Amino acid sequence: MAKFVFVTGGVVSSIGKGIVAASLGRLLKSKGYSVSILKLDPYLNVDPGTMSPFQHGEVFVTEDGAETDLDLGHYERFTDTAMSRLNSVTTGSIYQAVINKERRGDYDGRTVQVIPHITREIRERIKRVANNSGADVVISEIGGTVGDIESLPFLEAIREFKGDVKRNDVVYVHVTLLPYIGTSGEIKTKPTQHSVKELRSIGIQPDILVCRSDRPINDELKNKIGGFCGVNSEAVIASLDADSIYSVPLALKDEGLCKEVLDCLDLNDHESDLKDWERLVHKLRNPGPSVKVALVGKYVQLNDAYLSVVEALRHACISHDASLDLHWINAENIESEGAEKLLQGMDAIVVPGGFGNRGVNGKIAAIRWAREQRVPFLGLCLGMQCAVIEWARNIAGLEDASSAELNPNSKHPVIHLLPEQQDVVDLGGTMRLGVYPCRLQANTTGQSLYNEEVVYERHRHRYEFNNSYRTLLMESGYVISGTSPDGRLVELIELKNHPFFIACQYHPEFLSRPGKPHPLFGGLIQAAQIRVPSSPSEAFNPQSKIIEKKSLEQQ
């Protein structure tokens, strides 16, 4: 029988509930418990797949093809456990399910209401994760802030949940903020007291308080908070601002968060094994020489839009004893100012995914710069499509080459709509989504990096390489190093006689893990460390023993 942890947040939004939930998952796993984490988002969208990256940040794709909140990426990276579509719940998906049941007559003519029907559906979703994952502990992060009207059905549902299970099968963790007032020189507890009061008014008494602060919290303050909030002082956990999100699990362990959770759940407090995580944090705090990486995108004003890409770069740098010096380059600025001005001095260039016309010419210019100046390059999804367009225009002689998405009237649509997408009308959840196999060609950089014949990668796209141009581009020097097993879909391309130039149709960033960097990102960083060689004979060699050839596990 699974145990359940509910993580709520108060005082302000973006308090760090996702990192707390992911960190707790890491700590529980280090003690031998299996964990699954789900996110309950209070917005009315069915999923974030159609939301602007400026509104929501990155859309994280699970192996079964769900478009989810970026927090699921944190859950997977911290616990090294694959989540599924069941781990992402929104108000929109709950209401959609309840309305569909009402239309089918499942409620036998009863009046359908928020209580009990919506709250029961929420509880069933949580239990479904427990049943399908078989996890010892299921952690649920409730999005939003206590006091928001949007979160009320979820808070009511988790209040009701304690009536479905034994008391020691559920624990409530509330994350709050302790602001410091400089003029008085004091840390203020009143916002936390009021947040807990609001939570109590709903019927939830938190068992544990995780208090965010930018300065240490002494025992006297913990006793005060515990006394006013009805929580044991040992269960008042200080969470100080950290130098890295990866140091948070160790800090929370030292504060006793995991012990308090295990005590509440009546679980044995086994010896923890965090040696690998401690080594990871040590390397983060003691990096080697910096590597300048340009991330050329169209959503760079919001860093969260490329969260998994940044984390994958960070994982690769940790593995190769490098310090990531990330430069955010707006693709539109390249169009107006030129690639040389903005990319001069970069050790590597990454062009990530995206949609639409804006900034595409800047991405193509950046790719041309990487190719001609022999700067290590990695293209992801749209980044691969732009790389194909750049080569077709400037090397293969197809001046009008483009994507059918960007220019429907192009004479040479080297990127076109997938056949199965021709009659698709709805935007949400209709792309090529989730894990698909990719067969790698022997004696290529891609195959050497993966050290596998077939790999499994996550996709999110509607457009694909147009096979009508495959022969022409290959004859002009393009290398197709990975395809679908039937050879129909081009998944991975690269160039010979270049230090490192590789691009993929999929999203490898979703499979990168701390301590287990994705091979493509690892190859990019190693090539960047070597810098730009002066001749092809000095080019990056993927057979080098320096590379950690860690194959992807089939999820």
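Each Cβ is built from the backbone N, Cα and C atoms, and glycine gets one as well.
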According to Swiss-Prot, Ser13, Asp148, Ile149, Glu150, Lys188, Thr189, Lys190, Pro191, Thr192, Gln193 bind CTP; which of Lys39, Lys127, Lys222, Lys224 is also listed for that site? Lys224
Same-site residue for ATP (record: Swiss-Prot; known: Ser14, Ile15, Gly16, Lys17, Gly18, Ile19; options: Asp71, Asp80, Asp106): Asp71
Per Swiss-Prot, what member of Glu311, Glu332, Glu405 joins Gly354, Leu382, Gly383, Met384, Gln385, Arg462 in binding L-glutamine at one site? Glu405
Work through the binding-site residues one by one (Ser13, Thr192) and point out the residue whose CB has the fewest other CB atoms within 10 angstroms. Ser13
Neighbour-count leader, CB within 10 A, binding-site residues: Lys17, Lys188: Lys17
Ranking the recorded positions Asp71, Glu509 by other Cβ atoms within 10 Å, which is at the bottom? Asp71
In the same chain, which residues outside the set Ser14, Ile15, Gly16, Lys17, Gly18, Ile19, Asp71 have their CB within 8 A of the centroid of the CB atoms that define the ATP site? Gly9, Val20, Ala21, Glu141, Val175
Quick one: Cα separation, Pro191 (UTP binding site) versus Ser14 (ATP binding site), in Å? 15
